[in-house]
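What follows is one structure encoded as structure tokens, with my remarks underneath.
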Amino acid sequence: MPTIQLPDGSVKQFSKPVSVQAVAESIGTSLAKPALAGKIDDHLVDVSFIIDKDVSLRIITEKDPEGLEVIRHSAAHLLAHAVKELFPKAEVTIGPVVEDGFYYDFAFERSFTPEDLEKIEEKMRSLAKADLAVERRVLSRDEALTLFKKMGERYKVEIIRDIPKEEILTAYQQGDFIDLCRGPHVPRTGMLKAFKLTKLAGAYWRGDSNNEMLQRIYGTAWADTKALKAYLYRLEEAEKRDHRLLAKKMDLFHFQPESPGNVFWHPNGWSIILQMREYIRHITHKYGYQEVHTPQLIDASLWDKSGHLEKFGDDIFSLPLEPQQYVIKPMSCPAHVQIFNQGVKSYRDLPLRYAEFGACHRNEPSGTLHGLMRLRGFVQDDAHIFCTEDQIQSEVSAFIDQLHEVYADFGFTEVIHKLSTRPEKRVGSDEVWTKAEQALAEALNRKGVEWDILPGEGAFYGPKIEFSLRDCLGRIWQCGTVQVDFSVPERLGAHYIAEDGSKKPPVMIHRAILGSFERFLGILLEESAGKLPLWLAPVQVVVMNITDRQADYVGQTVENLQNLGIRAHSDLRNEKIGFKIREHTIARVPYLVVIGDREVADKTLSVRALEDEASTTITLEEFARQLKAEISQRSRKSPAPSPLFPVGGES
């Protein structure tokens, strides 16, 4: 007689084994009708699952995060079903859930087209409208192999052969279509109400470039049409804000196949990077860091001692320079330990804080490279703190203050904090791990921020806090990190003289705020749609004439602004003023100044801000004062546009 405990603490008893669906019906129609799955002791199951023992149960509906996962998983199967109906010769492979959607990979004799995508989506709607029952089937290994061989699904046969023999095999059938899957799935296809196929891509079978190239169809699925429309709007807005597109409009950078994953910075783009560097240099000095610089090429033996060569060998660039093997620096931590090791250090010298604009190179697979977001060559705002165990909490606390200040100055106010604790495989005693984890938790608590814990997600050498930013489109970007390291200092022979005269290895705290300058700039460009805060804008003011009569006054105005440290340019081209205004608006110049005969006569300026349609007449002195004030405050003219409403004007 199973006893079932529900989330509200109530208990239901049944005289015989009962399905999840039957439990939902016993609670009420309002819960049974939208039931998608059940969660039994933290394990998701189908609503057809039979409960034959005492359990805790939560009915999953479209309102639950797990419900969206079930919907998207089922939508992937609906996609495969539709493709097989329309293109019987297509072979199915895998179709997992991904962030905000799903995909399915197919092998087919020709490339799918956008027109095919429309037909497939229409077929999916037809199959959903048919409200087909979705049934779970348990298969023996021989049954599964026989079934999928008969169907001509060689990729499924390969998957089955790789599944451990002791594992139960399950498949899901809807109508005439059956697919290998662990589940769970929605009970009927009619519960899939809001989905959209979004794009086509190529993908190697099992992610191995030595295997066949497959065709990947991406889609998204949501609980209802309103949520789907909101997501599609965000997707459209994200495409407009793509930093690679903005880079062309703003003349920031480009890439070339001769140097994949490395940036060719144009003057405008490099100006932004330099402003970011100077700001980070200022903030690190403010918080007591000393700036250092370490070599790009370091003998592989150092990386072997630190453990990086063993753990990240495939991701590291190396150069054989006889008789030695050199590594192109992938990170700065071992090099910073070498600086610490020069001379005797006492507990009185700690904490020591070293900061570097660390130029790093990593051998990222070519298929993962993506604009500024994923590079092979990049610069980190890298820093390492050498301290005692008792200093961990205070150092992490100060770092969190520093990080929040930086994010606020760049215009980000929503920061997500996650504490990752000890994994199964780790170095260091449980006592030291407990002390470090408690120190990180206490640092977060003292700041009064909300945070989540990620059990077992820490690095093998110590716990860490990850800091992520939520942008105006709701996307999450992991940027900052602070990691406690018990391993590398000891491996590299670092020690200090403790108060009792003994030698002890220091704790090393790895920390970064931006992550990398390049990626952070990519995030910032997309967050602001290229409308950077004034202090970062590569060109802050463009001064334009209407006719040649104003050329001298334009030149004087630009010279005066430049003498005050304003990045001002003139535009004296013989073009219509409307053309010039539009061109510089597309380039996201924060302030445009138009000078005609009246402005020359009155010794004034006609100023138009990027976000404003109207212009203001102002003196040069007052304009310069306002510019300097805005730059010093590092403020935006207005908050980022809401993702709920379209952004007006040119994009």
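Glycine too: its Cβ is placed from the backbone N, Cα and C atoms.
The domain 'TGS' annotation in Swiss-Prot covers 1-61. Taken from Swiss-Prot, the feature region 'Catalytic' applies to 242-533, supported by sequence analysis. The annotation Zn(2+) binding site is assigned in Swiss-Prot to Cys333, His384, His510 on the grounds of sequence analysis. The region 'Disordered' annotation in Swiss-Prot covers 631-651.
Packing around Cys333 (Zn(2+) binding site) is summarised by its Cβ count: 22 other Cβ atoms lie within 10 angstroms of its Cβ, all protein chains included. Each of Met331, Ser332, His336, Asp382, Ala383, Gln483, Asp485, Val488, Met508, Ile509, Arg511 belongs to the same chain as Cys333, His384, His510, is absent from that list, and has a C-beta within 8 angstroms of the C-beta centroid marking the Zn(2+) site.
The highest number of surrounding Cβ atoms within 10 Å, among the binding-site residues His384, His510, is found at His384. Across the domain 'TGS' (1-61), DSSP helix (H, G, I), strand (E, B) and coil residues number 12 helix, 23 strand, 26 coil. According to its DSSP assignment, His384 (Zn(2+) binding site) is in a strand.
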